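Participant: Below is a structure I'd like to ask you about.
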Amino acid sequence: MTAAKPNPYAAKPGDYLSNVNNFQLIDSTLREGEQFANAFFDTEKKIEIARALDDFGVDYIELTSPVASEQSRKDCEAICKLGLKAKILTHIRCHMDDAKVAVETGVDGVDVVIGTSKFLRQYSHGKDMNYIAKSAVEVIEFVKSKGIEIRFSSEDSFRSDLVDLLNIYKTVDKIGVNRVGIADTVGCANPRQVYELIRTLKSVVSCDIECHFHNDTGCAIANAYTALEGGARLIDVSVLGIGERNGITPLGGLMARMIVAAPDYVKSKYKLHKIRDIENLVADAVEVNIPFNNPITGFCAFTHKAGIHAKAILANPSTYEILDPHDFGMKRYIHFANRLTGWNAIKARVDQLNLNLTDDQIKEVTAKIKKLGDVRSLNIDDVDSIIKNFHAEVSTPQVLSAKKNKKNDSDVPELATIPAAKRTKPSA
């Protein structure tokens, strides 16, 4: 029996600090996502989103601070009463007044945050590190006394002084937090910086490390993955990455990255086929389109156009796909209605239409399609019309013998018969 080949994209076997095969998700669509410019979630919509996330399998659902507004408090209490499998968290300032309200809502844990960079200490709360440490200890001990989880996070971690960061994390770790948080609040960090900070922090604290990455410079997914490689265990995500400014690590995008590195873990833990429905739910709620190049669910995500690509995909999808669309309840699509098409793609379309043409005839009709494609944009109906007209012209009793040479359906990769729909923004 041939031994299975090792996954070249997996964590290195000897890297015992890596959590690529042992990570957890904190979904913040109902906290960070509420800070997205278009977001307004009423109670009913929050409950619908929370149930969908729970069904998908996220480990934690983070909610807006109950002191943000009276309705925020009521919504927090309502979601806590749903009996979800996911643990419910709320996100508060490092302040006793906030903590006293939060612990009475029924949450499973409280996420405490305070700015530690010189920018936030000067222009936000105006406090020094001694005050921050004292406040953190007071709030943490109070929350712990209520028997619920507690996370302490610095805000703007990557623009904070490293000595200040390590000192505050050592302080809170000693009194027993469940985890400490690293927040790239302005999206300035790159993967190398993330890896180095996480590895340094791992030598200082014994608790789990949670990471929160903004996407201002396009590194949120890469930073999240690198954080797990470095030893962080929990990653904050939101559906479609919605959040303050241009958001944080997207749930679907991170799943695309993680299934490559840890396929067995990801497939066994999360209902990946639910991603499309969850993204549609949230996209409709905030009135945005799902981007065409969105990992997994973008309408071009599994579309192949160039002739040489199509030929290889039809023979073995792994030639041009690192992700299997079937893992996500999706189908690949060969875009054959264009001048770049190849005869193998047209042959697949001929088979879908249940027509019989020889390879030479398929090459001939392909030339006709490419010729028209040089003149104008084509659609599926154009190509089907050319194929059917050509078939009618050449049909003879001899052509029927081509049936004997057709592949069985099981030998041909499953293809979508029409391209994925282009989403349009819902009307107001």
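Note that Cβ sites are derived from N, Cα and C of the backbone, with glycine treated the same way.
As listed in Swiss-Prot for this protein:
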type     : residues             : note
ACT_SITE : H309                 : active site, proton acceptor
BINDING  : R31, H91, R151, T185 : 2-oxoglutarate binding site
DOMAIN   : 23-276               : domain 'Pyruvate carboxyltransferase'
MOD_RES  : S385                 : phosphoserine
MOD_RES  : T396                 : phosphothreonine
MOD_RES  : S401                 : phosphoserine
MOD_RES  : S410                 : phosphoserine
REGION   : 399-428              : region 'Disordered'
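How buried are the listed features, and what sits near them?
Facilitator: Sequence-distant contacts of H309 (active site, proton acceptor), defined by Cβ-Cβ distance under 8 angstroms and a gap of at least six in the same chain, are Y320. In the three-state DSSP classification, H309 (active site, proton acceptor) falls within a helix.
Under the three-state DSSP scheme, H91 (2-oxoglutarate binding site) falls in the strand class. Note: H91 (2-oxoglutarate binding site) has non-local neighbours S28, R31, E62, L63, T64, S65, D111, V113, i.e. same-chain residues 6+ apart with C-beta under 8 A of its own C-beta.
Sequence-distant neighbours of S385 (phosphoserine) (same chain, 6+ apart, CB under 8 A from its CB) do not exist here.
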Participant: R31, R151: which of these binding-site residues has the highest Cβ count within 10 Å of its own Cβ?
Facilitator: R151
Participant: Can you give me the average pLDDT across the domain 'Pyruvate carboxyltransferase' (23-276), rounded to a whole number?
Facilitator: 94
Participant: Using Cβ-Cβ distances, find the residues under 8 Å from T185 (2-oxoglutarate binding site) that belong to the same chain and are at least 6 apart in sequence, listing them in sequence order.
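Facilitator: In sequence order, the residues whose Cβ lies under 8 Å from that of T185 (2-oxoglutarate binding site) (at least 6 apart) are G115, E155, D156, S157, H212, H214.
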Participant: Around the 2-oxoglutarate site recorded as R31, H91, R151, T185, what other same-chain residues have a C-beta within 8 angstroms of the site's C-beta center?
Facilitator: S28, E32, E62, D111, V113, S153, G181, A183, H212, D236
